[in-house]
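Notes for the one structure printed next.
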Amino acid sequence: MIDVRKYIDNAALKPHLSEKEIEEFVLKSEELGIYAVCVNPYHVKLASSIAKKVKVCCVIGFPLGLNKTSVKVKEAVEAVRDGAQELDIVWNLSAFKSEKYDFVVEELKEIFRETPSAVHKVIVETPYLNEEEIKKAVEICIEAGADFIKTSTGFAPRGTTLEEVRLIKSSAKGRIKVKASGGIRDLETAISMIEAGADRIGTSSGISIAEEFLKRHLI
């Protein structure tokens, strides 16, 4: 049996969420045994002050990834200082599409160097990439030294597909972990993504997924 809860990065990234809602979100995620919560930089200090077991993840350059490198670095450093243990970094998709691969790698390396204690996940936005670009994205993330390649911000025109997760997994050959994100809203989809090779699941439906898992397995 796959304990889906241990794969979930439960996201609370909508701009209208109040601090009270973030607090309740963190407490509920922890109560359900969810692995991590993922929040915006403004909410990291609050989430970290509440979290006891659940990991705290922060998005960087979210959701477009087109901030200047210096801004991303500062954002990442401050997030870790505020208590973030993991960083989900949106890479510069425009630079990648422009084949400025050295720039993409160096930007990521600079962020990683300044936040050595963090787990680094790079969001590459697979819904905008073809098969060859996805393979290239895997190699760039590995070269930069990322811990995970993450499929999507969830802000793309569609969600992540099982085929994309399988392609990343087969291309990675065990050299980098995979976080599937985008359109994962129920337990069945989460399980399918894990079976396809996802090591982590990014979703804003983590609470309902965890509750359904517990209901089915009477834990």
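We count from 1, first residue shown onward.
A Cβ is built for glycine as well, from the same backbone N, Cα and C atoms used for every other residue.
Annotation source Swiss-Prot lists active site, proton donor/acceptor at Asp88, Lys179. The active site, schiff-base intermediate with acetaldehyde annotation in Swiss-Prot covers Lys150 and is backed by sequence analysis.
Structure with Swiss-Prot features highlighted.
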residue: Asp88; record: active site, proton donor/acceptor; Cβ within 10 Å: 28
residue: Lys150; record: active site, schiff-base intermediate with acetaldehyde; Cβ within 10 Å: 29
residue: Lys179; record: active site, proton donor/acceptor; Cβ within 10 Å: 27
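Between the C-alpha atoms of Lys150 (active site, schiff-base intermediate with acetaldehyde) and Lys179 (active site, proton donor/acceptor), the distance comes to 4 Å. In the three-state DSSP scheme, Lys150 (active site, schiff-base intermediate with acetaldehyde) falls into the strand class. Asp88 (active site, proton donor/acceptor) and Lys179 (active site, proton donor/acceptor) are 10 Å apart (CA-CA, integer value).
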